[in-house]
Amino acid sequence: MDSQPVDVDNIIDRLLEVRGSKPGQQVDLEENEIRYLCSKARSIFIKQPILLELEAPIKICGDIHGQYYDLLRLFEYGGFPPESNYLFLGDYVDRGKQSLETICLLLAYKIKYPENFFILRGNHECASINRIYGFYDECKRRYNIKLWKTFTDCFNCLPIAAIIDEKIFCMHGGLSPDLNSMEQIRRVMRPTDIPDVGLLCDLLWSDPDKDIVGWSENDRGVSFTFGPDVVNRFLQKQDMELICRAHQVVEDGYEFFSKRQLVTLFSAPNYCGEFDNAGAMMSVDESLLCSFQILKPAQKSLPRQAGGRKKK
């Protein structure tokens, strides 16, 4: 699959050429280049742990959903790799118009900076979901169905969760009633699809709910919701300080829950053109102080800095 030599630097340059262009301009890579990105990134994901152990300083981003020009804005504010270390929390494809550019740039950066750039799996990095919500159709329209299957093979090897400096637990969705020790995550074998129930499903699908105690059924029809008591117990047991997750649109791009023990990040401003939400990126410094950079939904706005919370 990697027979023809492919220049990742050249791919990144071409993907970044549209900076400053009118949003929506496409970058059409060669099919063999995209296949190379999938194959090479997949081999890196498999070599690295399914539960990443990362160090601050790092910038964390939530859902992107094919909003490629907003991804470029995030990098403009946070610094293009390798200027900053990054962790993305999943949901790169579907819903937005440019899932292909979005995932290709992220995979290219993963290949170029494997120890400084990390992407987790979201519930949309799953064939049964992105078959329905736009990515399959985009692949079919711009390339072919076989390429969509190549992406599926790559997504099936993405890491599931990350821990930053042993204190900040990151995933796309949330906690699971089945999760008692980190070893359970480490034991999950890849490649794997996302099952309909169980630990892996919950980590990518569950949601916090301030109005409940314990666990409850989820309106999504998948996984569960969990109350502040669940968050508090989990952090105490694991000797951690914060859960950082994505998966839900929040008006300001970030939203705290359970006395600031959990934060939801969402990084696609003006989501789908239907929500008037901001997008946010969380910067974690060496002392684990968290601060937020906000992408306003209005097009030509500057980021505003929001104060964070000091961690021990």
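Counting begins at 1 with the first residue displayed.
Each Cβ is built from the backbone N, Cα and C atoms, and glycine gets one as well.
Screening K47, K59, K146 against Swiss-Prot annotations picks out K47 (annotated as ubiquitin cross-link). According to Swiss-Prot, D91, H172, H247 bind Mn(2+) 2; the candidate from N123, N130, N218, N277 that the record adds to this site is N123. Per Swiss-Prot, the residue from the list K22, K296 bearing the note ubiquitin cross-link is K22. The separation of D91 (Mn(2+) 1 binding site) from N123 (Mn(2+) 2 binding site), Cα to Cα, is 7 Å. Candidate recorded positions: K22, K47, H247. Nearest to D91 (Mn(2+) 1 binding site) by Cα distance: H247. For the pair H172 (Mn(2+) 2 binding site) and H65 (Mn(2+) 1 binding site), the C-alpha distance works out to 13 angstrom. Of all the recorded positions listed here (K22, K47, H124), H124 has the Cα closest to the Cα of D63 (Mn(2+) 1 binding site). In sequence order, H65, G90, D91, Y92, V93, D94, N130, Y133, F135 make up the list of same-chain residues 6 or more apart from H124 (active site, proton donor) whose Cβ falls under 8 Å from its Cβ. In this structure the alpha carbons, written CA, of K47 (ubiquitin cross-link) and H247 (Mn(2+) 2 binding site) are 26 Å apart. Under the DSSP three-state reduction, D63 (Mn(2+) 1 binding site) is assigned to strand.
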